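Residues or ranges marked as compositional bias 'Acidic residues' in Swiss-Prot: 1428-1451. The ubiquitin cross-link annotation in Swiss-Prot covers 561. Feature annotation from Swiss-Prot assigns phosphoserine to 8, 222, 592, 594, 717, 1257, 1401, 1404, 1412, 1423, 1435. The feature phosphothreonine is assigned by Swiss-Prot to 1426, with a large-scale study or a structure entry given as support. As annotated by Swiss-Prot, region 'Disordered' applies to 1-37, 868-906, 1396-1451.
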């Protein structure tokens, strides 16, 4: 009971006072006592003094304690016997009490009687308690004296109401009250209760608190109910006593209903209660809840606990950090500390409640889970989730799930989490290990928003917690990094990067943990290695102290070891680490406000360290072209992203970049001579050079020298004594040169602009007729030459894409045309050069690992696929080819260039084959910078051709043509997919190279998604221009060809390119607006800007338009394009684009109608035909669009009935190659897609219909009955289609979804029929009769599957038959329930095939008879089963689910 009252402030003070009095009154020594006894003994002849002396107590005067010469029990017994045996008993009692009253008139004497007595016995002889009771307490233990003593005390108490504490700081009223506590027996409890309540009513407030909180120790259990009622009345009258009264009520044995009333009274006052009173009140509320009302109480408590009770005032928040660091505070700091103490105490109360009451913790989680609005979520909610997660291990999974759902839905955002940590860090730091455990769990997710939340938990734990917790955070992050999981490693490194910036001094203390990651470099990617070395270098060179010097030494050791390795993978680690470290060492600190000019500038010693490190890297990599190219790329990245000190930049310009001209640039007038396999020519020059000043890139001779060096074996560079320069380094070296010049000259590239228009020493690249006569080595040489030329041009475009003069723009556009032309030429070579491996374009581990698989693995896949296809063609199958689903073309598994034959079989159209082969080679092309897409702004560009004297000789108009536009859009689309698509949507297959999806995006990966989105938003206007131009192109094309866009007069190649541009633009728009980052508040402005661009295409509006208006206008703008959509795939992207935009709107009903209407238009449109043998519409795309239509249409059942009842009969009555006139997309080839989607959506729809109850209104019953009639009618129409379309995939769909529909009928419809039968007898019987025919057909389908012995169909038969049998039983039960068994006839069925012919097989007859024997019929198509049977069936159905799905994929 005492433990429950820890929160009572008054009691704590009392105990402290008592302890103080005990200490003060302890005897100093026995010698001292004896010396003062003679002078201090009370000399009084009163009966009171005499009887006490006889019984063993000697009263003392002054400051001395009364002395107890005997044991306490012996004294009470002796005095009791003396009083009882006294001749004048019971009058002696009055005399004794009168003597006591006279004695205690003196204040010192009264005080001595209230304080404990001094023991005169030896401690060894004492068998009683170590603490002696006071005289008054001893007298209260004697029954015959107790009533009179209590009366005396209550009469004496008012004298001290308004007196301050005496000189000894002793509170007399509190001492008086304490005498009544823990009495062995209360003689008259009712009288005592009355006296106490009367005293409370007149006592001052501080004494009221003391008396009320002492009640449980004073009163017996029998008085609890009366006291409780009195206190509840007092609670209403005097709100200032709320805390002590509730504290006491929690400790009394009271009726639950009474406590409920009190609790409701308190809940109503909750919003007006002071913070310091809140812990006691919350304790009472939580202790008074029952299992039935817990959720209701907790939900109300959540709402009424305003933030002001749990969050410090704003003026206190600002000083918290100061409090943490200084450790001392002023008077205001004491107030802050008090407020924090109250909050900590509050959460201690809640922790205690949820630890011992499972219902409270579960109700609290449920209350938070039920909160839907973002604004309703509070800091208090997050703290509670953390507390329950750390306190109750059984609810961890539940909380984890709730938290993930809240994060996904955007209800819990970063700002809320930050507020939680900044305000309640003292509460949360005790749960550090649990919070880190939760963060670790969240980082294992595939959802980026959940991963980000987990990383924020680590970040804020490090920021707000103490040193020990910071160490735990770093240790946990290091564990993630060493795990090898790519997403975890990326996230953990990003957090470390933030922590290094956030609190470098704290991170320095934990640097030894980060340094340990150097032992696990094998498992992390190049981009992750960059981050790791950036963290370590920042720690090593931020401050010059002993710890940082140790890190420097270790890093130097690791880097030298890796650089000296002969394995390229380890050399790569050394190069990346060294360049990253050099960047930190040579960083430009001139703008740092904390450094003086002398310290900011790089010293000569530091500059020497940087240059020696870079020279070491250069010397260790120069023997390997790949290593050199990687070094140049890494150095270029460093210059691009980091601001280097001018001294370091100057050294780069003088040492490395000046070597470029010697290595790759020659005079254009001097044609190289040598034994080259092809004649060397200067090609692709943009200027005519008449003088000797012209330059050219010496590409073909360098490539030939490299190939010759390979073939010549050891006798390569040793004989010539010259350093071989690999053409592989051309593009990386130029990138380094360009960025260095750009940084030194503030973006001016005049020094190197000659490289933009200079020619290249090549040979005639157009193969013509000589292609077939070339040797394999010559074709490989030509392929490599074109790859290197393309990479050179791509870097040239990267360099000069942002030039503003028309001449330079024209030249860049010309180079872009050259890239497109060369890709077409390259395609011709690749098609006849099997197993060719291109030269690397990106130099990292991921690329090297995947290179061997690029050709051989895919070639093997094609060969295997070809064998399978040939086998399928030779197999005699009854499945009609028109109903067989074609698989979606998968870009991950595209065949290699070497297999031209297979390509021609699988794909039609030159563009498809070209894009396919180039896609395989994507990893070997240099990456285009995001700035390149500024070219999309170009319309018509006038280029001036100058003569030798710089006079205008002619003008040429250059424009961005469709091929160049498509080239740029494809690259931009791939970049957006890589950066903005959530990882869960692009999950790589099991055991696939983990970095394969990032190949060719290493520069892009160094930017954040926000940066990419911002860059693309700058392109929205030009992309809208291109979209409108393409729209106009197709509109004009349709008008010229009388509405037929693929008529005979159409230029096929141009048409396909424009169509592809259309698709890519829609794809880019979709990827942009589908970005999950828009849900974060900091990105809302980006969304507004993008929508404003779209809406302004229709009309110029104000920038401050509301979101709904912007969404509506944007959708209206995009909807206008639907008439010119050239392909079904474009249509699907347009629909998806509109959907992601409308998701951000609140007008859901109108939005669904818009989507459904547009989807129906696309389904009812005649699309341009592809291959004559089959539709050009992908089955997956058709499936997606049809699902969108049915999910968004107002009535799914009517839509299904229209397709199945109108479209399909039109198809049946049309010629073989024709289609439905209402739905032209419905052909015999696509029928199975329509059938599967309609069956799946029908089953999904009926599962959502609530069964209803007998208590529902008549109108509701009729509406549901009508709905089920429509559903069964649709099901009947669909089922009967298998008589016409009996291909294997159709039958499979019918078996799978037929069973699911029957299950839904049993669960959702049969309860409705139970209580609708009597009122709507005819309707119910009609419904059952229709459904009986359908289930009869399902029974025939089971027989058909068995007789054909197709295992992929027969695996569905047992579960379907069981479901049908349950239906029979359930219909019988329904008829019995309504006393009308004769209303519906149930009988046995014969086994028949789909045409209704009886199956004569004896085995099937016997098995059917056996199966039908126990049930009334084998299946006569009825309703469904008992509830027990349902559960068994469901579990069986779940086991079967996976095999169904895997088979569907193969259909």
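Please read every residue number as a count from 1 along the shown chain.
The backbone N, Cα and C atoms fix where each Cβ goes, and this holds for glycine too.
Sequence features annotated in Swiss-Prot and their locations in the structure.
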residue	record	DSSP class
222	phosphoserine	helix
561	ubiquitin cross-link	helix
1257	phosphoserine	coil
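Geometry remark: residue 222 (phosphoserine) versus residue 1257 (phosphoserine), CA distance 53 Å. The candidate set comprises the modified residues 222, 1257. Of these, 222 has the most other Cβ atoms within 10 Å.
In this structure, the C-alpha atom of the residue listed as 'ubiquitin cross-link' lies 82 angstrom from that of residue 1257 (phosphoserine).
Cβ contacts within 10 Å of residue 561 (ubiquitin cross-link), excluding its own Cβ and spanning all protein chains shown: 13.
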